[in-house]
């Protein structure tokens, strides 16, 4: 399966169904009155996090997703059915960003987590809502409210406990294959790994996930090589395993290059706990191993462990140290409260069902001087002094202007 870790898509929730204008027609009932039902709500756009996906490739060839419109109302006070939802299935670790990639709208980190991204539009009122003592046969019915729409970015950040970093050909994929059942591509040339790979390490009765990303080179944060695009996949890691190729002449410089790229990327990668290992020790003499371990320890300021992914030397001590950091990080993490299952981009021009109902009642009020209705930030005026219907929404500034005008009229 091809790997894709980001995709731009267009989503639209369904429009509300139209209200119905109808009248009761039955034998021996001369004046049945209105019985038009309301339209149904439009379908929602829902994100669902599933465990059996590890790529966003499904969104490469289809970028537009639209929920269904709500069903129209019918006679006999029948409310239209809700439109079908659009359910977008994404891998664990998917983030939702706005079109400019500046704001994270949602972060799905556990399988089974769902989130309503866009709500469907409300259905229109049927003529039953307009019945009053003075208008017993209204012929007015509303269209449904439009749904919401927007462009969004989906960005995948894999969920792993430990992340492998290092220069190309440092032996990261070989190490992953040696400690897990993952089978990444392994070859003797740079950038063999072109996308992240995950593997599960079993250590006694404990398990943790380790991620292998493409190698970094000097200037990766400026786009050199594959760049630092895949560093986002280790942002969630609790510890980093930094592998250094022991066959290089200057192992200290190799360490500093990668550390510089981690710091330049940001995201707190350079502040994460780190385990440093000198890899490919099977190709070195005992004196060379001792000398390079000393040079590397001075550069990183901590003990460096010898390792050979091919022969298996040093694997258990490294895994034990990684799990020690992982266990400490797990214990230190605060309990995360359950995320709200509902997320939506609110529309300022779309009042709630109760607000709309109050507005309709205000419009039918027979008060000669007009009637003001207020609910939170919504303020409506139903009729002007001539009794003509006015359908306007006012905010706080508009209300202050109206009050000032009334004071001026009173002074005159």
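The backbone N, Cα and C atoms fix where each Cβ goes, and this holds for glycine too.
Since the structure is predicted, the reported quantities are computational estimates derived from the model, not experimental observations.
Under the heading domain 'Obg', Swiss-Prot lists 1-159, citing sequence analysis as support. What Swiss-Prot lists as domain 'OBG-type G' is 160-327, and the listing cites sequence analysis. According to Swiss-Prot, the feature GTP binding site maps to 166-173, 191-195, 212-215, 279-282, 308-310. Per Swiss-Prot, Mg(2+) binding site is recorded for 173, 193. Per Swiss-Prot, region 'Disordered' is recorded for 335-412. As annotated by Swiss-Prot, compositional bias 'Acidic residues' applies to 385-412.
On the structure: features taken from Swiss-Prot.
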| residue | record | Cβ contacts under 8 Å, 6 or more apart |
| --- | --- | --- |
| 166 | GTP binding site | 172, 215, 216, 242, 243, 244, 245, 254, 258, 279 |
| 173 | Mg(2+) binding site | 184, 185, 186, 192, 193, 197, 212 |
| 195 | GTP binding site | 3, 5, 214, 230 |
| 280 | GTP binding site | 171, 245, 246, 247, 307, 308, 309, 310 |
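Note on the binding-site residues 169, 192, 193: the fewest other CB atoms within 10 A surround the CB of 192. The average pLDDT the prediction assigns to the domain 'Obg' (1-159) is 90.
Neighbour counts of Cβ atoms within 10 Å were taken for the binding-site residues 172, 214, 308; the minimum is at 308.
Secondary structure at residue 173 (Mg(2+) binding site), taken from DSSP and collapsed to helix, strand or coil, is helix.
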